[in-house]
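Per Swiss-Prot, these features apply:
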type	residues	note
TOPO_DOM	1-15	topological domain 'Cytoplasmic'
TRANSMEM	16-36	transmembrane segment
TOPO_DOM	37-147	topological domain 'Extracellular'
TRANSMEM	148-168	transmembrane segment
TOPO_DOM	169-174	topological domain 'Cytoplasmic'
TRANSMEM	175-195	transmembrane segment
TOPO_DOM	196-205	topological domain 'Extracellular'
TRANSMEM	206-226	transmembrane segment
TOPO_DOM	227-235	topological domain 'Cytoplasmic'
TRANSMEM	236-256	transmembrane segment
TOPO_DOM	257-260	topological domain 'Extracellular'
TRANSMEM	261-281	transmembrane segment
TOPO_DOM	282-351	topological domain 'Cytoplasmic'
TRANSMEM	352-372	transmembrane segment
TOPO_DOM	373-378	topological domain 'Extracellular'
TRANSMEM	379-399	transmembrane segment
TOPO_DOM	400-408	topological domain 'Cytoplasmic'
TRANSMEM	409-429	transmembrane segment
TOPO_DOM	430-444	topological domain 'Extracellular'
TRANSMEM	445-465	transmembrane segment
TRANSMEM	469-489	transmembrane segment
TOPO_DOM	490-495	topological domain 'Extracellular'
TRANSMEM	496-516	transmembrane segment
TOPO_DOM	517-562	topological domain 'Cytoplasmic'
Amino acid sequence: MPFSELLEQVGSTGRFQVLHVTLLCIPVLMMASHNLLQNFVATVPSHYCNAHANLSQARLSLEESLLITVPLDGAGKPQRCQRYAAPQWHLLGKNGTSGSGDLADATESMDAALQECSDGWSYNSTVRSSTIISEWHLVCDMHSFKQMGQTIYMGGVLVGALLFGGLSDRYGRRILLLISNLLMAVSGTCAAFSSSFSLFCVFRFGCGLALSGLGLNTFSLIVEWIPTRIRTAVGTTTGYCYTLGQLILVLLAYFIRDWRWLTLAVSLPFYVFFLIAWWFHESSRWLALSNRTEHALKNLKSVARFNGRHEEAEKLDIKMLHESMKKEMSCTQGSYSILDLFNTPAMRKRTLCLSAVWLSTSFAYYGLAMDLDKFGVDIYLIQVIFGAVDIPAKVVVVVSMSLIGRRRSQCAVLVVAGITILLNLLVPYDKQTIRTCLAVLGKGCLAASFNCCYLYSGELFPTIIRQNGMGWVSMMARIGAMVAPMVLLTRDYIPWLPGLIYGGAPILSGLAAIFLPETLGYPLPDTIQDVEESGSGRKSKMSTKETITLQDKQANLLKQSA
């Protein structure tokens, strides 16, 4: 019997699976918190230059000190990065409490020499009592360091994907999950107590590493202990756990206004997750493929007993396990690499088009999700809206993929996302409601695009190199997430350029998706030859295979997409 039947024999949807999946899904909530933590720990508060040192002896109110120290910008607000080179005493009235407001005073103030904030800044602590921006003065000439911090974190996610993927296949899912939980807990704790921005970035890089390890091994352990028929439901549930995690972050951030305590709050639970992870059973499928059949058999018997199938546990033996793994062992024979994604014309076209789709989706998604300050709306409210919109977006795209197909759905969500981002460039800044609605629609479309990506890519890559293909496009997504924060820096030179790039990328990739074949109702390709024959229009052996339905969509996806 195949391994799937062996899993049914020990209980594929019993108490073990319910508890196993539940305990694995809980950490996903906090993974979302780490991914979007920058929105709250790196909020840029309103700020202005501190007063001159010689004003400390003067008996002036805050308003008076600000009046003679900091010039106003075009919007009538105190400038953030400059102050008068010398106090402008003439701006105070004769009684020392109010300005005279005559033309001579105004002209003299305009001609006054300005200087940088050599005595530091004062920050508004109304929204956040403390952030890494106010802690290390990452403003004015240092403002680009904010985006650098997020890029370094995403760099850790990328390196972690490359590192933990191979280690997981070599040493197992459970041990890597334990290491990842501990790494996240320790790195997050150290980040919370960092004494410098450099140390903070180092530990956030560690958090990024851990996040990849958690994602990969969590989904691997889930998918390898459940049957194909419920993988869609479980995969959807896991996705909604991530969405719920975004809302939990808002709740934590609302009550914990200090960045250090907030970072600690989203990191400490991973110590608990580390202890829980000791209970998890290693994947028997991986153990058998790694020639550790005795351990695999022991785990299967343990699962059978946990599910109340004591008689079935007694029937299991090494011979039965070997028979069930014959097919899987034959599929692992042969050597394939990422180069096989580019060696043939049809395969190369699919890979390049999917690379563009994944990169632009992640690029635009994080470009929107990590720049909440620009909307002029309460950051807690906008984060709730941005998180909640994922729920209907994912439902709509699943229905759409069943009705009009994968290709049209993928093209539509990308093009609509790009158009909404570009339209925001035309809306005046004071029309915040319209700007926010367009951004929310765009973010929802990009969340839907992620959902579509996972299914569509898994159906386009042939079985023998599906894991390599999903690994490649996932890497493209992480590169997009790394680049996204740095694009915001171009705003200093051309204010509308980031929006143009964020909006143009998904439109171009949506057009690229037109060149991909439709997969709705078609069988999964098993070999590169299947892909080439399908691309050339010749009749393929695939035509005799059983087609798949949407309910089977994540049968081969969850492991690879982690």
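Placement of Cβ uses the backbone N, Cα and C atoms for every residue, glycine included.
Not measured: the values here are computed from a predicted model.
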Tertiary contacts of the topological domain 'Cytoplasmic' (169-174), as residues 6+ beyond its ends and Cβ separation under 8 Å: 217, 220-221, 224, 277, 280-283, 286-287, 290
Cβ-based contact of the transmembrane segment (175-195) with the transmembrane segment (261-281), 3 or more pairs under 8 Å: yes
Candidate ranges 148-168, 236-256, 352-372 - greatest C-beta contact count to the transmembrane segment (496-516) (under 8 angstroms): 352-372
Contact call for the transmembrane segment (148-168) and the transmembrane segment (16-36): at least 3 Cβ pairs under 8 Å, seq gap 6+: no
Annotated stretches the transmembrane segment (236-256) and the transmembrane segment (409-429) touching (3 or more Cβ pairs under 8 Å): no
Per-region confidence, the topological domain 'Extracellular' (257-260) (mean pLDDT, whole number): 94
Summary of DSSP states over the topological domain 'Cytoplasmic' (400-408), given as helix, strand and coil counts: 7 helix, 0 strand, 2 coil
Structural state census, the topological domain 'Extracellular' (196-205) (DSSP three-state): 9 helix, 0 strand, 1 coil
Intrachain neighbours beyond the transmembrane segment (469-489), with Cβ under 8 angstroms and 6 or more residues off its ends: 144, 147-148, 150-151, 154-155, 157-158, 161-162, 165, 338, 341, 351, 354-355, 357-367, 370-371, 453, 457-458, 460-461, 498, 501-502, 557, 560-561
